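A short write-up of the structure that comes next.
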């Protein structure tokens, strides 16, 4: 009996080494530890040594997953295998971007869309925006992170991206003046009168709320909870006030590029379609996403632009944590209003 047990353990170690080597090549995941005894035993106990079981166990360990039953383990494993196949088939197409395993690899597209994406309410799209071109030589490339005014990537959880896009733009303007982070939770709790709905909304309306509210509190005094609660705004904790909200003309990437290049980061919204949730690196493009105001379902922050392998791109900060994409950022093809990136763009003018 002891000999059989030893043989089985040696088999598991050998199989694990081979499986992880192949998985690491196609889908690198920084594991907590390389030791076989670190693999989640509950998952392997249910799945045994079936194909991709070790991959899934390592994924679960890496991203701190917790499944409440054997049925849930099997369900999530099945979804994981489907997503892994989708990633590999997409990457074989030699596109300008690649996909990879991340924290969303055990979710169906429908689950992801429900939990992470919203829908446009009253988009800031306008046929005649109020952005003004100012004198200045537009930089060939721009990355506002190099100027130290882009706050760290955060994770919105299952609540609204619009709050993080809004505070990201406000923080960039605020940091140019002072240097601090601002309260997403205040927007979730307090901005409903401006056509924002707790975990759903758009930055343009949020800027209007902050303007007429008399400011937004600092993150330190009003921290993020990720669920809608009772408004707890306190005037004495205001970090920044909005003087005006500037809207980019619908689809006008020249205006957007001018604003990002010479003013500061700009809040933008676009349509996330299947596959983007598993983005890893490169310049993203899609022939299935829309560009109209009612297509957009996710708000982010454009912090720069550049060119990669001959393809112009927007450099954009997301709010799905640093484990997603390129340390929380992604690149979107520039010049085609890809997925509506210039459809609902706006930025604030602030004062302290």
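Cβ coordinates come from backbone N, Cα and C, glycine included.
Sequence annotations record features per position, and here Swiss-Prot assigns N-linked glycosylation site to 122 (among others).
Residues annotated as disulfide bond in Swiss-Prot, with similarity to another entry given as evidence: 159-199 (among others).
In the three-state DSSP scheme, residue 231 (disulfide bond) falls into the coil class. Within the same chain, the residues at least 6 positions away from residue 231 (disulfide bond) whose Cβ sits under 8 Å from its Cβ are 186, 189, 190, listed in sequence order. Annotated disulfide bond per Swiss-Prot: 190-231 (among others), in sequence order, evidence recorded as similarity to another entry.
In the three-state DSSP scheme, residue 247 (N-linked glycosylation site) falls into the strand class. All protein chains included, residue 247 (N-linked glycosylation site) registers 20 other Cβ atoms within 10 Å of its own Cβ. According to Swiss-Prot, the feature N-linked glycosylation site maps to 247 (among others), an assignment based on sequence analysis.
Within 10 Å of the C-beta of residue 339 (disulfide bond) we count 27 further C-beta atoms, all protein chains included. Under the DSSP three-state reduction, residue 339 (disulfide bond) is assigned to helix. If you look up Swiss-Prot, you'll see 289-339 (among others) marked as disulfide bond, on the strength of similarity to another entry.
Per Swiss-Prot, active site is recorded for 298 (among others), and the stated evidence type is sequence analysis. DSSP assigns residue 298 (active site) to a strand segment in the three-state reduction.
The annotation active site is assigned in Swiss-Prot to 318 (among others) on the grounds of sequence analysis. DSSP assigns residue 318 (active site) to coil in the three-state reduction, placing it in neither a helix nor a strand.
A gap of 9 Å separates the Cα atoms of residue 318 (active site) and residue 298 (active site).
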